[in-house]
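Listed features, source TrEMBL:
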- B:Gly42, B:Asp63, B:Lys87, B:Asp134, B:Asn135: ATP binding site (BINDING)
- B:Cys175, B:Cys178, B:Cys251, B:Cys254: Zn(2+) binding site (BINDING)
- B:Cys192: active site, glycyl thioester intermediate (ACT_SITE)
- B:310-407: domain 'Rhodanese' (DOMAIN)
- B:Cys366: active site, cysteine persulfide intermediate (ACT_SITE)
Amino acid sequence: MDSISIKVLFFGKARDLVGVGQKDVDILHSNLKANEFLEIIISKFPRLEEIKSSTKLSLNEEYVEMNDVLSLKSGDEIAVIPPISGG
Amino acid sequence: MAHNLTNSEIERYSRQLIIPDYGIESQNKLKSSSILIIGCGGLGCPSALYLSTAGIGRLGLVDDDTIEISNIHRQIAHDENKIGISKAQNLADRCKALNSLVKYEVHNILFTKTTALNLIEQYPFLFLSIYCTDNVITRYLINDVCVLLGKPLVSGSALKFEGQLTVYNYLNGPCYRCLYPTAPPAHAVSNCSDAGILGPIVGMIGSLQALEAIKVVAEIGTCLNGRMMIFDGFDFLTRIIKLRPRQIETCLMCKSVLSRENLTKKDREEILENFDYIEFCGVSNYNDKSINISILSDKKRINCSDYKNFTESHLLIDVRPKCQFNICSLPNSLNIPFDDFVYNEEKVVENIRDKLGNEKSIFLVCRRGNDSQLAVEILEKHFNDKEIKDLIGGLQTWSKEIEPDFPKY
Ligand SMILES: [Zn+2]
């Protein structure tokens with residue numbers, strides 16, 4: 001089976017930890033939970049472990065809960081959005 | 001239609017009155033509304049200026065801080081001849097110069113459980129803009145009080161090149177706690193004085209907060225309740241993320257409000273009193289200044305004047321990020337950012353072993369003397385025959401006590 005290419009955006013602290021704002025990530029299965037997807041990107045960018053407990057994920061501009069099963073297809077966009085609080 | 005605007009108000013607000021979707025009805029509602037702005041910094045300045053010129057009836061301004069020179073690049077209502085003056089007072093003065101028809105109220109206070117409830121109660125609409133703060137307690141506290149009082153909260157935040165904007169607790173939209181039921185760990189949240197912030201970013205988010213506040217008050221358009229705008233000014237990217245609706249089952253505050261009819265003042269006080277914010281947030285106080293920690297015993301530390309008089313040859317390592325090291329550094333210091341200690345420990349140790357030669361002492365320095373202590377703990381494991389100490393208070397103290405010409409930032 002072909003891999004599925006997901007566009008991942010990193011905001012706030014996640015961007016600092018990864019070093020770039022955007023990366024394409026290939027996954028093998030289309031059906032997985034949001035927290036499983038987070039584990040996949042943490043395995044590629046281990047420093048993201050730091051924000052694992054506080055970050056939110058969105059799929060195609062819609063927030064998802066960590067227990068939600070995502071049904072992903074190539075070209076989908078997932079954003080990693082930790083809270084920010086300056087101003 | 002009937003309205004209560006004077007001729008001079010009609011003339012003053014004419015350019016917004018003639019927008020068909022705004023009109024005199026909206027102006028009327030603005031005139032009879034009050035807004036409280038919490039935080040008179042980078043976000044609070046533009047939002048207060050615009051709400052004032054737009055003709056809000058009454059504007060409350062909250063901040064317990066005073067103006068510093070390092071605020072001015074982004075806090076555009078504060079001038080360089082007002083250093084040391086109350087931010088709330090100065091912002092009120094600037095607004096008054098733009099529109100004297102508005103009633104201004106200055107609150108030079110720190111938010112605590114009691115002050116928050118009493119103050120927010122006096123304002124039908126609330127408009128939040130927390131200034132540079134890593135203080136999660138204040139964020140949750142303001143949110144909770146708004147939920148208990150049923151007031152919408154226009155929330156903005158900004159850091160580096162990024163901003164976030166949303167309207168909490170409005171219509172069926174979630175509150176801050178619905179979205180973030182557990183507080184982020186303190187180390188995962190950065191503040192402006194440590195991470196930095198660019199003026200136009202807060203300028204934009206603060207202006208948009210004023211826009212959302214006007215729409216909430218005038219009941220026009222489509223607000224950002226239930227959605228969050230995320231703006232990345234570095235790559236110029238905007239995303240509007242759809243949020244889940246209010247979490248009646250799981251959100252502690254929304255649940256307690258909706259499960260009971262007509263909360264009394266006493267009920268609210270009780271709910272707030274029973275919630276341990278300090279434990280929930282894992283931080284020690286309501287103040288949001290960067291604090292100095294002390295984890296090493298005294299014999300593993302050296303103060304600035306003893307270091308100045310230390311004449312033996314040694315290795316001095318500066319653990320600040322490279323971009324701060326480039327601003328200023330002590331002569332002969334070697335820059336190894338603290339991040340490298342954490343993520344590349346082996347390489348760092350190898351590098352230090354290389355540079356160390358026969359030196360008997362290693363000193364570590366950073367901006368305030370926090371990371372340098374953590375770096376001492378890491379190096380101790382690898383160099384147990386060396387004297388390893390951190391410079392107490394870091395370069396800030398060095399600049400204050402030893403070398404006044406050393407740059408402050
Ligand atoms: Zn809630």
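The count begins at 1 with the first shown residue.
Cβ from N, Cα, C; glycine included.
These numbers come from a predicted model, not from an experiment.
Each of the recorded positions B:Gly42, B:Cys178, B:Cys192, B:Cys251, B:Cys366 was checked for a CB under 8 angstroms from a CB of chain A; the ones meeting this are B:Gly42, B:Cys192. Broken down by DSSP into helix, strand and coil, the domain 'Rhodanese' (B:310-407) contains 41 helix, 17 strand, 40 coil. In the three-state DSSP scheme, B:Asn135 (ATP binding site) is classed as coil.
Residue density at B:Gly42 (ATP binding site): 29 other Cβ atoms are found within 10 A of its Cβ, drawing on all protein chains shown.
Apart from B:Cys175, B:Cys178, B:Cys251, B:Cys254, the residues listed for Zn(2+), the same chain places the Cβ atoms of B:Val147, B:Asn169, B:Pro174, B:Tyr176, B:Arg177, B:Leu179, B:Arg246, B:Gln247, B:Ile248, B:Thr250, B:Leu252, B:Met253, B:Lys255 within 8 Å of the centroid of those Cβ atoms. For the pair B:Cys192 (active site, glycyl thioester intermediate) and B:Asn135 (ATP binding site), the Cα-Cα distance reads 12 Å.
Within the set of recorded positions B:Asp63, B:Lys87, B:Asn135, B:Cys175, B:Cys192, B:Cys254, B:Cys175, B:Cys254 have a CB atom less than 6 Å from some atom of ligand 1. Of all Cβ atoms in the shown protein chains, 24 besides its own fall within 10 Å of the Cβ of B:Cys178 (Zn(2+) binding site). B:Asn135 (ATP binding site) sits 22 Å from B:Cys366 (active site, cysteine persulfide intermediate), counting Cα to Cα. Neighbour list (B:Cys366 (active site, cysteine persulfide intermediate), Cβ cut-off 8 Å, at least 6 residues apart, same chain): B:Asp318, B:Val319, B:Arg320, B:Phe338, B:Ser372, B:Ala375, B:Asp390, B:Gly394, B:Leu395. Between the candidate binding-site residues, B:Cys175, B:Cys251, B:Cys254, the densest Cβ environment within 10 Å is the one around B:Cys175. Counting every protein chain shown, the Cβ of B:Lys87 (ATP binding site) has 28 other Cβ atoms within 10 Å. Spacing of B:Cys178 (Zn(2+) binding site) relative to B:Gly42 (ATP binding site) is 26 Å (Cα to Cα, whole number). The two recorded residues B:Asp63 (ATP binding site) and B:Cys175 (Zn(2+) binding site) have their Cα atoms spaced 23 Å from each other.
B:Cys251 (Zn(2+) binding site) and B:Lys87 (ATP binding site) have their C-alpha atoms 34 Å apart, to the nearest angstrom.
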